[in-house]
Amino acid sequence: MSGLIGKTGIVVRNIPRVEPHMIDALGRLGVATVHEAQGRKGLLNTAVRPIQQGVAVAGSAVTVLVAPGDNWMFHVAVEQCRPGDVLVVAPSSPCSDGYFGDLLATSLQARGVLGLVIDAGVRDSQTLRDMGFAVWSRAINAQGTVKEVLGSVNLPLLCAGQLVNAGDIVVADDDGVVVVRHGEAQAVLEAATQRADLEERKRLRLAAGELGLDIYEMRPRLAAKGLRYVDHLTDLEG
(Lines of atoms letter the chains of each structure in order from A; the text may use other names.)
(Lines give C-alpha, C1' and ligand atoms only; values in the text may rest on other atoms or scores of the structure.)
Protein backbone atom coordinates (compact mmCIF):
# COMPACT_ATOMS: atom_id res chain seq x y z
CA MET A 1 0.00 0.00 0.00
CA SER A 2 2.92 2.36 0.60
CA GLY A 3 3.43 2.46 -3.17
CA LEU A 4 0.13 4.35 -3.43
CA ILE A 5 1.40 7.31 -1.41
CA GLY A 6 1.59 10.35 -3.65
CA LYS A 7 -0.50 8.86 -6.46
CA THR A 8 -2.91 11.32 -8.05
CA GLY A 9 -6.01 11.18 -10.20
CA ILE A 10 -7.66 8.44 -8.10
CA VAL A 11 -10.78 8.39 -5.91
CA VAL A 12 -11.55 5.28 -3.84
CA ARG A 13 -15.28 5.15 -3.19
CA ASN A 14 -15.52 2.39 -0.57
CA ILE A 15 -13.36 2.36 2.54
CA PRO A 16 -13.44 0.27 5.74
CA ARG A 17 -14.92 1.97 8.77
CA VAL A 18 -14.74 0.85 12.40
CA GLU A 19 -17.99 0.39 14.32
CA PRO A 20 -19.23 3.77 15.59
CA HIS A 21 -19.41 2.68 19.24
CA MET A 22 -15.69 1.89 19.21
CA ILE A 23 -14.84 5.22 17.60
CA ASP A 24 -16.97 7.08 20.14
CA ALA A 25 -15.29 5.24 23.02
CA LEU A 26 -11.82 6.17 21.77
CA GLY A 27 -12.95 9.76 21.43
CA ARG A 28 -14.13 9.86 25.04
CA LEU A 29 -10.77 8.53 26.21
CA GLY A 30 -8.95 11.37 24.48
CA VAL A 31 -5.76 11.91 22.52
CA ALA A 32 -3.26 11.60 25.38
CA THR A 33 -4.67 8.33 26.71
CA VAL A 34 -5.02 6.77 23.26
CA HIS A 35 -1.49 7.83 22.30
CA GLU A 36 -0.01 6.29 25.44
CA ALA A 37 -2.12 3.14 25.14
CA GLN A 38 -0.89 2.36 21.64
CA GLY A 39 2.77 2.69 22.55
CA ARG A 40 3.17 6.43 21.97
CA LYS A 41 2.68 6.23 18.23
CA GLY A 42 0.32 7.86 15.75
CA LEU A 43 0.61 11.42 17.07
CA LEU A 44 0.62 14.15 14.42
CA ASN A 45 3.27 16.85 14.53
CA THR A 46 2.49 19.55 17.07
CA ALA A 47 2.42 22.15 14.28
CA VAL A 48 -1.11 20.90 13.54
CA ARG A 49 -3.18 22.55 16.25
CA PRO A 50 -6.86 23.20 17.01
CA ILE A 51 -8.29 26.54 15.95
CA GLN A 52 -10.86 26.18 18.76
CA GLN A 53 -10.75 25.08 22.39
CA GLY A 54 -12.82 22.60 24.35
CA VAL A 55 -13.80 20.51 21.32
CA ALA A 56 -13.08 16.82 20.81
CA VAL A 57 -13.95 14.62 17.83
CA ALA A 58 -13.29 11.05 16.75
CA GLY A 59 -14.17 9.63 13.36
CA SER A 60 -13.13 7.63 10.33
CA ALA A 61 -10.49 9.24 8.14
CA VAL A 62 -11.33 10.30 4.60
CA THR A 63 -7.90 11.11 3.20
CA VAL A 64 -7.26 13.85 0.64
CA LEU A 65 -4.00 14.61 -1.16
CA VAL A 66 -3.95 18.13 -2.60
CA ALA A 67 -1.49 20.05 -4.73
CA PRO A 68 0.18 23.13 -3.24
CA GLY A 69 -2.21 26.07 -3.35
CA ASP A 70 -5.01 24.02 -4.92
CA ASN A 71 -8.18 22.89 -3.14
CA TRP A 72 -9.96 21.22 -6.05
CA MET A 73 -9.90 17.78 -4.41
CA PHE A 74 -11.80 19.04 -1.37
CA HIS A 75 -14.89 19.29 -3.54
CA VAL A 76 -14.29 15.79 -4.88
CA ALA A 77 -13.83 14.45 -1.35
CA VAL A 78 -17.08 15.89 0.01
CA GLU A 79 -19.06 13.42 -2.10
CA GLN A 80 -17.20 10.49 -0.51
CA CYS A 81 -17.90 11.52 3.08
CA ARG A 82 -20.39 9.91 5.43
CA PRO A 83 -21.73 10.99 8.81
CA GLY A 84 -19.07 10.59 11.47
CA ASP A 85 -16.09 11.01 9.14
CA VAL A 86 -13.12 13.31 9.63
CA LEU A 87 -11.41 14.82 6.58
CA VAL A 88 -7.62 14.40 6.71
CA VAL A 89 -5.78 16.55 4.18
CA ALA A 90 -2.13 16.92 3.24
CA PRO A 91 -0.45 18.84 0.40
CA SER A 92 1.99 17.01 -1.85
CA SER A 93 4.64 19.54 -0.81
CA PRO A 94 4.63 22.06 2.05
CA CYS A 95 2.07 24.84 1.72
CA SER A 96 0.36 27.07 4.28
CA ASP A 97 -2.27 28.61 2.00
CA GLY A 98 -5.85 28.86 3.24
CA TYR A 99 -7.32 25.82 1.50
CA PHE A 100 -10.52 25.67 3.50
CA GLY A 101 -13.18 28.11 4.67
CA ASP A 102 -16.79 28.39 5.72
CA LEU A 103 -18.35 27.36 2.39
CA LEU A 104 -16.57 24.00 2.32
CA ALA A 105 -17.34 23.60 6.02
CA THR A 106 -21.02 24.13 5.28
CA SER A 107 -20.88 21.42 2.62
CA LEU A 108 -19.12 19.00 4.96
CA GLN A 109 -21.52 19.70 7.81
CA ALA A 110 -24.39 18.83 5.49
CA ARG A 111 -22.75 15.41 5.01
CA GLY A 112 -22.35 14.86 8.75
CA VAL A 113 -18.57 15.30 8.77
CA LEU A 114 -17.23 15.98 12.26
CA GLY A 115 -14.14 18.00 11.45
CA LEU A 116 -11.01 18.66 9.42
CA VAL A 117 -7.36 17.83 10.06
CA ILE A 118 -5.08 19.58 7.57
CA ASP A 119 -1.31 19.89 7.32
CA ALA A 120 -1.77 23.31 5.71
CA GLY A 121 -3.81 26.47 6.23
CA VAL A 122 -7.46 27.41 6.66
CA ARG A 123 -9.27 30.74 6.66
CA ASP A 124 -12.60 32.16 7.87
CA SER A 125 -11.45 30.90 11.25
CA GLN A 126 -13.90 32.90 13.36
CA THR A 127 -16.81 31.81 11.18
CA LEU A 128 -15.68 28.19 11.45
CA ARG A 129 -15.70 28.50 15.23
CA ASP A 130 -19.13 30.14 15.17
CA MET A 131 -20.41 27.30 12.98
CA GLY A 132 -19.10 24.70 15.40
CA PHE A 133 -17.04 23.03 12.69
CA ALA A 134 -13.91 21.62 14.32
CA VAL A 135 -10.55 22.20 12.63
CA TRP A 136 -6.97 21.22 13.38
CA SER A 137 -4.56 22.99 11.02
CA ARG A 138 -0.94 23.96 10.56
CA ALA A 139 -1.77 27.59 9.79
CA ILE A 140 -4.48 30.21 9.59
CA ASN A 141 -3.97 32.10 6.36
CA ALA A 142 -6.24 34.30 4.24
CA GLN A 143 -4.29 33.39 1.09
CA GLY A 144 -6.67 31.61 -1.28
CA THR A 145 -6.18 28.68 -3.63
CA VAL A 146 -6.99 27.62 -7.21
CA LYS A 147 -8.68 24.58 -8.75
CA GLU A 148 -6.42 23.20 -11.45
CA VAL A 149 -4.42 20.15 -10.32
CA LEU A 150 -5.61 16.64 -9.51
CA GLY A 151 -4.81 14.98 -6.22
CA SER A 152 -6.40 11.87 -4.73
CA VAL A 153 -9.10 10.80 -2.30
CA ASN A 154 -8.91 7.82 0.07
CA LEU A 155 -5.38 6.74 -0.77
CA PRO A 156 -2.75 6.43 1.99
CA LEU A 157 -1.01 9.71 2.72
CA LEU A 158 1.52 11.28 5.03
CA CYS A 159 -0.03 13.98 7.18
CA ALA A 160 2.10 15.91 9.67
CA GLY A 161 4.56 13.06 10.00
CA GLN A 162 2.09 10.18 10.26
CA LEU A 163 0.85 7.65 7.73
CA VAL A 164 -2.94 7.83 7.52
CA ASN A 165 -5.05 5.28 5.67
CA ALA A 166 -8.66 5.86 4.72
CA GLY A 167 -10.80 4.34 7.46
CA ASP A 168 -8.23 4.77 10.21
CA ILE A 169 -9.62 6.37 13.35
CA VAL A 170 -8.76 10.00 13.97
CA VAL A 171 -9.00 11.24 17.55
CA ALA A 172 -8.55 14.99 18.01
CA ASP A 173 -8.90 17.35 20.95
CA ASP A 174 -7.11 20.23 22.66
CA ASP A 175 -3.97 18.07 23.00
CA GLY A 176 -3.60 17.45 19.26
CA VAL A 177 -4.42 14.64 16.85
CA VAL A 178 -3.66 10.91 17.03
CA VAL A 179 -4.35 8.22 14.43
CA VAL A 180 -5.34 4.64 15.27
CA ARG A 181 -4.95 2.00 12.60
CA HIS A 182 -8.25 0.51 11.48
CA GLY A 183 -7.09 -3.02 12.27
CA GLU A 184 -5.78 -2.09 15.72
CA ALA A 185 -8.88 -0.32 17.00
CA GLN A 186 -10.11 -3.08 19.32
CA ALA A 187 -6.72 -3.69 20.92
CA VAL A 188 -6.06 0.02 21.38
CA LEU A 189 -9.51 0.57 22.86
CA GLU A 190 -8.96 -2.20 25.41
CA ALA A 191 -5.51 -0.88 26.36
CA ALA A 192 -6.75 2.70 26.59
CA THR A 193 -9.72 1.69 28.76
CA GLN A 194 -7.41 -0.17 31.13
CA ARG A 195 -5.12 2.84 31.29
CA ALA A 196 -8.01 5.19 32.03
CA ASP A 197 -9.25 2.91 34.82
CA LEU A 198 -5.76 2.77 36.36
CA GLU A 199 -5.41 6.55 36.16
CA GLU A 200 -8.76 7.02 37.90
CA ARG A 201 -7.60 4.86 40.81
CA LYS A 202 -4.39 6.90 41.03
CA ARG A 203 -6.38 10.13 40.85
CA LEU A 204 -8.41 9.09 43.89
CA ARG A 205 -5.24 8.32 45.84
CA LEU A 206 -3.67 11.65 44.87
CA ALA A 207 -6.85 13.50 45.84
CA ALA A 208 -6.66 11.80 49.24
CA GLY A 209 -3.21 13.30 49.76
CA GLU A 210 -1.01 10.36 48.85
CA LEU A 211 2.21 11.37 47.09
CA GLY A 212 3.19 10.36 43.59
CA LEU A 213 6.60 9.53 45.06
CA ASP A 214 4.97 6.66 46.93
CA ILE A 215 2.27 5.66 44.46
CA TYR A 216 4.87 5.21 41.73
CA GLU A 217 7.51 3.83 44.14
CA MET A 218 10.01 6.46 43.02
CA ARG A 219 12.08 6.77 46.18
CA PRO A 220 14.44 3.79 45.64
CA ARG A 221 15.21 4.83 42.06
CA LEU A 222 15.80 8.44 43.05
CA ALA A 223 18.20 7.30 45.75
CA ALA A 224 19.99 5.04 43.29
CA LYS A 225 20.47 8.05 41.01
CA GLY A 226 22.13 9.90 43.88
CA LEU A 227 19.35 12.21 45.04
CA ARG A 228 19.85 13.29 48.64
CA TYR A 229 17.85 15.42 51.04
CA VAL A 230 19.18 18.00 53.48
CA ASP A 231 17.19 19.77 56.15
CA HIS A 232 18.78 23.19 55.69
CA LEU A 233 20.87 24.98 53.09
CA THR A 234 23.58 25.39 55.72
CA ASP A 235 23.97 21.61 55.81
CA LEU A 236 25.72 21.94 52.45
CA GLU A 237 28.39 24.29 53.75
CA GLY A 238 31.91 23.16 54.32
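Glycine too: its Cβ is placed from the backbone N, Cα and C atoms.
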Site-mate of GLY101, ASP102, LEU103, LEU104 for substrate in Swiss-Prot, selected among ARG82, ARG123: ARG123
Any idea what the Cα distance is from LEU103 (substrate binding site) over to ASP124 (Mg(2+) binding site), rounded to a whole Å? 9
Cα distance (Å, whole number) from GLY101 (substrate binding site) to ASP124 (Mg(2+) binding site): 5
Residue among binding-site residues LEU103, LEU104 with least C-beta crowding, 10 angstrom cut-off: LEU103
Give me the sequence-ordered set of same-chain residues, not including GLY101, ASP102, LEU103, LEU104, ARG123, with a C-beta within 8 angstroms of the centroid of the substrate site's C-beta atoms. PHE100, ALA105, THR106, VAL122, ASP124, THR127, LEU128
